[in-house]
């Protein structure tokens, strides 16, 4: 794939801005959609996104726009990075401007609350029959601030057919941002969304000063839960041993830059979720995803005890100390049975 013009990036949060910078470093012109008019003006005038990626000087190849059509119309390749709770609205607004054969790379990690659809599932629902838009998914262990500093990073790009995935892989990969391809789109999306819920649990554990043993147990058993869910939905179990699975899970559960882990730490210290979120500018996707995972697991009959308890802490104000006791006193199991 050789895009005939600029590449569009829809969303100028920390990750969207960083991906725009990566693509600009590859030599492409980038049209970046910025929702906030004042931020758009700031990026144009100062070459910095002081709201979401402060301290990073942006490439002169990045052109900030407040009009969505300027970023979508006549673009062969689009990267979409908006919060999951507004994803459907933005995708729907893009449709009148999409090229019939455009490629959209989803870089949002989440599951829609009302429909329990992944982001590519939303595209399947909103795209009219006449458009042959190909939707891929980019996920993996990638803190935006580290990628913006050109720290070596590896991620997974999943699509429905290998030719398109490889084409996009060659367009976006750089000397510091390495992309591997996959054909397991649902597995990559489920892993990317679910790991944020486990990161909340790991943060609660850290906030309660439980130590490394507890964190290791949560990550390992959390991976088992994510794998059960993914396999039940048709994923390849090996996906969860890769970058989009255990790689992203490890990073989000242990890294100090993890917003979800940070929220979990404060929950573990006894703070209320509404007070924590009131102080945050950026989105911790795990908070909304905990609700989606709770209902999705119940609907398809998958046991996810850690995710279930995270849901109860956030949405039912359950005491984390009670959660720990209940998790540790569950019926004893054989470790490697997929149903447990």
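Just so it is clear, glycine is given a Cβ too, placed from its N, Cα and C backbone atoms.
Per Swiss-Prot, these features apply:
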type	residues	note
ACT_SITE	195	active site, proton acceptor
BINDING	14, 15, 109, 144, 259, 283, 285	NADPH binding site
BINDING	109, 140, 142, 195, 248, 258, 259, 260	sn-glycerol 3-phosphate binding site
Measuring Cα to Cα, how far is residue 285 (NADPH binding site) from the residue listed as 'active site, proton acceptor' in Å? 10
Given the recorded positions 109, 195, 259, which one is most crowded in terms of C-beta atoms within 10 angstroms? 195
Within 10 Å of residue 283 (NADPH binding site) by C-alpha distance: pick out those among the recorded positions 140, 142, 195, 248, 258, 260, and say none if nothing qualifies. 260
Cα within 10 Å of residue 15 (NADPH binding site): which of the recorded positions 142, 195, 248, 260 qualify? 142
Filtered by Cβ under 8 Å and at least 6 apart in sequence, the residues in the chain of residue 248 (sn-glycerol 3-phosphate binding site) near it are 139, 140, 141, 142, 191, 192, 195
Taking only the CA atoms, the spacing between residue 144 (NADPH binding site) and residue 258 (sn-glycerol 3-phosphate binding site), expressed in whole angstrom, is 10
Given the NADPH site residues 14, 15, 109, 144, 259, 283, 285, which other residues of that chain have a Cβ within 8 Å of the mean position of their Cβ atoms, reported in sequence order? 13, 282, 284
Cα-Cα, whole number of Å: residue 258 (sn-glycerol 3-phosphate binding site) versus residue 109 (NADPH binding site)? 14
So if I measure Cβ to Cβ from residue 14 (NADPH binding site) and keep only same-chain residues at least 6 apart in sequence, which ones fall under 8 Å? 49, 52, 53, 144, 145, 282
Non-local Cβ contacts of residue 260 (sn-glycerol 3-phosphate binding site) (under 8 Å, 6 or more apart, same chain)? 196, 197, 199, 200, 203, 252, 284, 285, 286, 287
